[in-house]
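Features reported for this protein in TrEMBL:
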{"type": "TRANSMEM", "residues": "7-28", "note": "transmembrane segment"}
{"type": "TRANSMEM", "residues": "100-122", "note": "transmembrane segment"}
{"type": "TRANSMEM", "residues": "154-173", "note": "transmembrane segment"}
{"type": "TRANSMEM", "residues": "179-208", "note": "transmembrane segment"}
{"type": "TRANSMEM", "residues": "229-252", "note": "transmembrane segment"}
{"type": "TRANSMEM", "residues": "290-309", "note": "transmembrane segment"}
{"type": "TRANSMEM", "residues": "318-334", "note": "transmembrane segment"}
{"type": "TRANSMEM", "residues": "354-371", "note": "transmembrane segment"}
{"type": "TRANSMEM", "residues": "378-395", "note": "transmembrane segment"}
{"type": "TRANSMEM", "residues": "757-775", "note": "transmembrane segment"}
Amino acid sequence: MKTKNNLFTYIISMGLPAIILTGVLLFVENYPFGNNNFTLWDMDYQYLDFFQWLKRVFNGEANIAYSFGKSLGDNTIGLWSFYLSSPFNLLLFFFKDIQLFIVVLAIIKIALAGLTCCIYLRKRFENLSGVWAVLLSVSYSMMTYSIKQITNIMWLDGVVFLPLVMLGVYRVITENKKVFLYIITVVAVISNWYTAYMICLLSVFYFVYEVMQFNNQGLKPILIKFKNYCLTMILSVLTTMFFFIPMVMQLLNGKGIEHDKFFRFQFRCNIWDIVKALFPINANVDNSNILILFCGSLTLVGTILYFVTKNIGIRQKICVGVLLLVLIVSDVFYPTEKIWNGFRKVASYYSRSAFVICFFMVLLAATYFNTRRKIKNFKVVAVICTILVVGELFYNTNIYISSFSIKNTKEYNSYVSNARRQINEIKNYDNSTFYRVEQTGSRVTKPKNTFGAFNEGMAYGYMPLASYSSTFNNSIMKLYSKCGYSECKRVIIYKEPILVSDSLLGIKYLLSKKAPLGYKKVKSIEKYNKKSVYENPYALGLGYLTHKDVYKDIVAENSFEYQNRLLSGVVGKQVNVFKKVKSRKISKNGKITWVMNSPKCSNVLYGYLTRRYENKVDLYVDGKLRTDYGQWNSYKTVQISQDKRGQKHTVAMKGKIFTTSGIRGMFYYLDMEEFRRVIKLLKKNNFFPDIMKDGYVEGDYNAGKKGQLLLTIPYDKGWSIKCNGKKAEVKVAQGIFTVINVDKGKNHIVMEYHTPGFKAGIIVSVMALLCFILWQVKTNKRTYNVDPANLKC
């Protein structure tokens, strides 16, 4: 009978969250019940395209370890492990509609969170009523954190697995059974290492909590339990090294090495904000500094009553109160918050570890209800509580979902279909093995030409420069910044072409609503998503013969001079394709204007302004709005004109200018005659591979003389390169470009990518697994089981 009751309880705990969430989606006409969807913020900017890429991986069209669609080419193990490694994502194999998949995935994860929490509560509190177990589990699964993080859907795996990891810790303490904790921790880390890290931190607090629950336990049994717990956790994490080591090595190339002031002794919010965070009235869907701790009024009431009831000792209340206080304070105090976030700077989506606090509150509420085994008119109370909890959770979920369920599903599907069609037409028009494609706008580009979806290369199968993820390549970031595309440190942005850098990097085709200067329209390809295709006649191949001067460090006063010196290093002689234009600065009525005349020769006039991020300003070119120029993600260099008549042009900064200190205008024109001569020289020694796919390049290169071949593939230790059957000597130019020596005549080049750290990770994982198995086999059969009589509650 008890087994049947548990099964029924589990079904309800899983079904109720699914019904509530589905009901809300139906109520707000969210897809598939309407045209709205909740693909907001990074879900829209990043994850939709990542899922499109993962679908291509499943279809055999892309490589999970390396992608030429991620900027100039990059390791994708870090990206996969951070965003996409959840076993639940295997369901994508059965979906063609990405947005429908995300909706189904959200429902499944939130439903499973209710199930896993209920399993934990029923196993941990054998006398806890099934009603309280279900209501607390549903409250946990539908806490504000879960609903808000639907837009960061990979983090919901932590909500699912946290109760099971805590159950594993409990079984180590009470039964000396370690296998369950070992297995579930391995699964949690692989599913999402980021939230698993937070779960592992919480498990330390939880171990302390559980040890306090037992009487008559000497120090020795506690130390043995602690040893077993620690060894199990350590071995489980080591078992994931086949996955973890490659990921860490890749992260160290980018965001993982960001530095910030660790000892910033400030709090993210005040006491009143913490109090508000406990209630549904705190509905706020933006990335504010507030906590998100609401997990149902029943949980809150149960937590309060835990500290009021006489059935729990004062000493235990004090100790548990301190633990709860430490958890809350550590989430809002900057130094400790950074610890929760893996010693990394958080730029958005604050209170990422709030789910561990909510679980701890559910634990305290369950502890209280477990002590109240007799309640008058229990059935009436249970019905009332069920109605209130379900109604409250529906209300809270509706507030959040309706707030960010604003995107248009039909528009997205139409955009995706058109984007694929346009890329396929480019491939039919040009069947070369190598060329890069970029665009000046995307489906999420804002009205003032800021931001965008910068991962469409991965999604639709072309090679771009732009990329946006937490696993960016720092060397690519530095190059694109030096070339003047943008000064943004977190997103590789492409908005307007810079003909010199575009050509050196092999950007041959550009999708744009407006005709870019220096490009020629491809009339035979249709316009899709209001974007036509333009061709860069100066684009180079994947590689070209370079001079040894390319290894020299470049110190330049601005982006135009950097490109001059980079080009000079490649050809081995000084060239100045960019030439300075005189300008006049006028400050008047809160506006700063630069006036200049274009040269009377074949040219493209460019410019950018310095020190603009302190100001909230728009940029105007010849009186027309070009872009919002004061955002953290604003691009830098703009095209001004291509006239040969020496006409007057203006570039103006308008808006809230808080400081004019250091604001300078940099204006240069590209001398097209000089540029064409240099490009003609470089095109004589171009390398176009015969085969080029993710993680593999092969082809013959005919060199006119012995020298160095510069490849615009970012240097990576994972590349194994052979030239004429022998291992090639690989050098790095400008901190990014891969350079190999070539002989005069035919050179057969083969490049294969092997994920760095994978072999070492496999060895560590196998050793950890064997150690755990041997430990289990040789473990002394004598265990320190806990007598139920020793339980305090």
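Backbone N, Cα and C define each Cβ position, glycine as well.
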Same-chain residues near the transmembrane segment (229-252), Cβ under 8 Å, at least 6 residues beyond its ends: 75, 77-79, 81-82, 85, 168-169, 172-173, 178, 181-183, 185-186, 189-190, 193, 200, 203, 207, 471, 755-758, 760-762, 764-765, 767-769, 771-772, 775
Stretch in 318-334, 354-371, 378-395 most in contact with the transmembrane segment (100-122), if contact is a CB pair under 8 A: 354-371
The transmembrane segment (154-173) vs the transmembrane segment (354-371): 3 or more CB pairs under 8 Å: yes
Same-chain residue ranges lying at least 6 outside the transmembrane segment (378-395) that approach it to Cβ under 8 Å: 16, 20, 23-24, 129, 131, 135, 138-139, 142, 280, 296-298
Selected stretch (most C-beta pairs under 8 A with the transmembrane segment (354-371)) from 7-28, 290-309, 318-334: 290-309
